[in-house]
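Student: Here it is, the structure, as structure tokens.
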Amino acid sequence: MQTPSLKKSLFWTVLSLFVLHLCVIGNTQSGRDNYKDILEVDAVGYYSFLPAFFEYNDPNFTFLDKIENPFISGATSLVRVPTERGNIDRYFIGTSILMAPFYLAATCFSDPQDGYGKYQLLSISIAASFYLYAAFFLIGLFLKNQFHLHQKTLIITIISFALGTNLFYYSIFEPGMSHIYSFFMVAVFFTCWQKLAVTQKYIYFLFAALALGLITIIRPVNLLIVLCLPLIWPNVLVHVIQDLFSKKIPFLVSGIMLFSATIFIQLLYYKLAIGAWFIYSYKEEGFDFTSPHITDVLFSYRKGLFVYMPMLFVALAGIYYWSRKQTFLYGRWLISFALIVFVLSSWSSWAYGGCFGNRAFIEYYMLFIIPFALLVEHTTSPKILYAVIAALILLCQIQTYQYRYAYIHWDEMNKEKYWKVFLRVDYLINKKPVHEIYK
């Protein structure tokens, strides 16, 4: 059990970072029309479910043609997928469900009332920051309860991932993307499983089923998060499965119904839009499991996970300390991570379009947060580790702004370009034109 002082300390740490985020958002959105680029490309698709149902009653998204925002109109052809029975949104509805409370609150203040007013779009920035730090609060409590870590360890871990990974970028500069919302729901899912493991109260299984349903309709591939369960609760998982199929069958049935009811929301949207219960909206895109881009996904200069997020590479050292608590941990972690990498690298667009780092892995950062926290807790060279962490946070912040201003290209980076702008803060300060750097 966490102590009140620890909970209070975590709360104030998370609240301080949340306020810092809001200050950065205020700075980046301070210009008259800067709020208009809060939604770009994919984010338009996630968000537009809200005006579609709350403002226009138009599940076919014909209203997008009337929106006078170049970032919205520029994404319309990607977001809106034509079918024989009408248009559908290419993306999934789960992200908009988590955005909805913030959107509805902002609607009271927005003008014009077209669903894309200033306060409505700014509310999405606030939503992403809120969900990010709500996730970190839950993760802090999870780490304390599961591994009995010290307060200092929890604070260092939260700060390291909040400022030293692309969670910072996606919560501030692209808050309409799905990844922060998935990250939060994964934290909720893990919290439910931990409560189930500790209390043996199967009501938490129902909450976990509901959370998993939401995780799925945010991004269906996020179902892979269940691969983490055998890593953390190998014995509990076996016990729970045995109970569900013997003594707790009503909970099993109820859990399946809750999960299915959540998935039904997405299917109901298709039915309302085109009269069919399901359609594959990505058309020509899909998985090719015969040609995974594993090396590219992990180590390429284009979008390599460990190239742009070296904090995750440092976290790997903590698997040693985790393995001392659980036998066969190395093998289970490697199998889980390998399966996730295999699936994500098999997507036809393995670089996942314009993104800072490989954004598809954000949902699975718990695979790295746990060993990172254990490394911080048990390291025999804390000063060296803290120096490395500080350096990597600085590097991430520099590269975040380099990506923001296109010094790191959204999809065409290579070895030469990477090292040409590496740590070149003078380009940012002097606002040197990008075309002059790469000419």
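Here the Cβ of each residue, glycine as well, is placed from N, Cα and C on the backbone.
Copied straight from TrEMBL:
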TRANSMEM  91-109  transmembrane segment
TRANSMEM  121-142  transmembrane segment
TRANSMEM  154-173  transmembrane segment
TRANSMEM  180-196  transmembrane segment
TRANSMEM  202-229  transmembrane segment
TRANSMEM  249-270  transmembrane segment
TRANSMEM  305-322  transmembrane segment
TRANSMEM  329-348  transmembrane segment
TRANSMEM  360-377  transmembrane segment
TRANSMEM  384-403  transmembrane segment
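Could you place the listed features in the three-dimensional structure?
Tutor: Among residues of the same chain six or more beyond the transmembrane segment (91-109), those with a C-beta under 8 A of the stretch's C-beta atoms are 42, 45-50, 54, 79, 117, 119-120, 122-124, 126-127, 130-131, 176, 178, 181, 184-185, 214-220, 265-266, 269, 281.
Residues of the same chain lying 6 or more positions beyond the ends of the transmembrane segment (249-270) and with a Cβ under 8 Å from any Cβ of it are 49, 59, 88-89, 92-94, 97, 202, 205-206, 208-210, 212-214, 216-217, 276-279.
Within the chain carrying the transmembrane segment (305-322), a Cβ under 8 angstroms from the stretch's Cβ atoms is held by residues 160-161, 164-166, 297-299, 329-330, 333, 356-358, 361, 365, 368-378, 388-389, 392-393, 395-396, 399, 418, all 6 or more beyond its ends.
With a threshold of 8 Å between CB atoms, the same-chain residues lying at least 6 positions outside the transmembrane segment (360-377) that come near it are 139, 143, 147, 149-150, 153-154, 156-157, 160-161, 165-167, 170, 179-180, 182-183, 186-187, 190, 215, 219, 221-222, 224-225, 228, 231-232, 305, 309, 311-312, 314-319, 321-322, 333, 336-337, 340, 344, 347, 352, 385.
Within the same chain, residues 156, 159-160, 163-166, 168-169, 173, 308-311, 314, 356, 375-376, 410, 421, 423-425, 427-428 sit at least 6 positions outside the transmembrane segment (384-403) and bring their C-beta atoms closer than 8 Å to a C-beta of that stretch.
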Student: Are there residues at least 6 beyond the ends of the transmembrane segment (202-229) whose Cβ is under 8 Å from a Cβ of it, and what are they?
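Tutor: That would be 92-95, 97-98, 178, 181-182, 185-186, 188-190, 192-193, 195-196, 237, 240, 243-244, 248, 251, 254-256, 258-263, 265-266, 336, 339-340, 343-344, 360, 363-364, 366-367.
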